[in-house]
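**Student:** Provided herewith is a single structure, encoded as structure tokens, for subsequent inquiry.
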Amino acid sequence: MPADPEVHFEGTIVAIRGGVVDVAFAEAVPRIHALIVAGGVAMEVASIVGEGVVRCIALGPTRGLGLGTRATGTRAGIEVPVGEGVLGRMLDMFGAPLDGAPPPEATARRPIHRPPPVLSDRVLRAEVLETGIKAIDLLSPIERGGKTGLFGGAGVGKTVLLSELIHNTVEHHHGVSLFCGIGERSREAEELWREMGEAGVRERMVMLFGQMNEAPGVRFLVGHSALTMAEYFRDDREQDVLLLIDNIFRFVQAGSEVSGLLGRMPSRVGYQPTLATELAALQERIASTRRGAITSIQAVYVPADDFTDPAAAHIFSHLSASVVLSRKRASEGLYPAVDPLASTSVMLTPEVVGQRHYDIARGVRRTLAEYEDLRDIIAMLGIEELSAHDRAVVARARRLERFLTQPFFTVGAAAGTLGKLVPIAETLDGCEEILSQTSFERPESAYYMIGALSDLRKEAAA
């Protein structure tokens, strides 16, 4: 039954515990997810803790609130503006402007908590979203209408890789793009806003932020706000949506903070007992329907590089493609630091990408896996002790590792190089040529930070 926003509730604050506030109502009490306002601070009802008392998550600083402060609310929950008016804007989780411009002109407002599409309305699209990044397109192709995770610890290049994916895909994406920043640095938000303006793609993009200085309730709910806007463009406008999230782990982290403040008993490694439920409530809304598709690319911080961490493990289970970033490769300067053996995708099948792509990807993985097995022997005895066959494997593997590096547009100014966008056909041609050779004219350093193999020939001709 839809909420009746005309029903008003009045109560008083009876307890404040950090970001959690208890409010007592003399008569009827608001329902779960209802919006309560006290002293100018917005709060969302999280649970009913006793007769006439609700426990709320504060969505702003609780300074200035005190016992007995008057609180008001309705049956309505938090709503955000939807429509063409939000395009080209930088907003917070309520849809309020962060870009210094007037509030967006929206034709409607919708609640942020919505059910996922019903099973009968979902569709599977066996289509690949080409990114122009060799390592991803070859070994972990992104599903159009699917969910892709960029996994890695601190400092291995998740945000840079996500920025490059935005640069390469948003410009060629024919629908709407939506960026959701959860618990990351405010500096990165400003940089991304400026870069999107310089690239000329801001007018077809919405940017929502709940950054690390915000209350845990904001960081926990901003993802739902972003999905409500994305669902409008998918369902009402029948457009494809590209949803980029940085960082989905911060959503889990905010949920853990909120859970602790609500007094719930923590589960394994200190995470909230409702981790799986909360993550599913967000991820299941990211889906393809008969009217349109939401393609999601999510950066995932992995605490202490531990991929068995419950948060990382639960996020893995929702994804159609996992791009794993390796600290070892990053330390060797092999950027993007995509781990070719750990990264996976359900799209990497002959039926979807074609037999040739599938065979080349398998050949690349097999060669790199053999090289990994030989590393210890090389370290102890030297490469001279290997057989001719094994030396050829090492030569191919080391050139493949360097060929899969790539200069990025988004760090071109800092690195002093021009970015390269490589079509998948040229990536396949280059890998196939390297795999077929047993001896090489050029040193392995020549393959480092190039685009296609044709770039080598152009340099040689010049």
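The chain as shown is numbered from 1 upward.
Each residue, glycine too, has its Cβ placed from N, Cα and C.
Sharing the record's features from Swiss-Prot:
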type	residues	note
BINDING	GLY152, GLY153, ALA154, GLY155, VAL156, GLY157, LYS158, THR159	ATP binding site
**Student:** Using a 10 Å cut-off on CB atoms, tell me which of the binding-site residues GLY152, GLY153, GLY155, GLY157 is the least crowded.
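**Tutor:** Output over binding-site residues GLY152, GLY153, GLY155, GLY157: least Cβ neighbours within 10 Å is GLY155.
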**Student:** Return the count of C-beta atoms lying within 10 angstroms of the C-beta of THR159 (ATP binding site), excluding that atom itself.
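**Tutor:** Excluding its own Cβ, THR159 (ATP binding site) sees 21 Cβ atoms within 10 Å.
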**Student:** Given the ATP site residues GLY152, GLY153, ALA154, GLY155, VAL156, GLY157, LYS158, THR159, which other residues of that chain have a Cβ within 8 Å of the mean position of their Cβ atoms, reported in sequence order?
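**Tutor:** Here the non-site neighbours turn out to be TYR301, LEU325, ALA330.
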**Student:** Of ALA154, LYS158, which of the binding-site residues has the most Cβ neighbours inside 10 Å?
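**Tutor:** Counting Cβ neighbours within 10 Å, the top one is LYS158.
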**Student:** Sequence gap of 6 or more, C-beta under 8 Å: which same-chain residues meet both conditions with respect to VAL156 (ATP binding site)?
**Tutor:** LEU325, SER326, ARG327, ALA330, ALA337
**Student:** Taking DSSP three-state, what's THR159 (ATP binding site) in: helix, strand or coil?
**Tutor:** helix
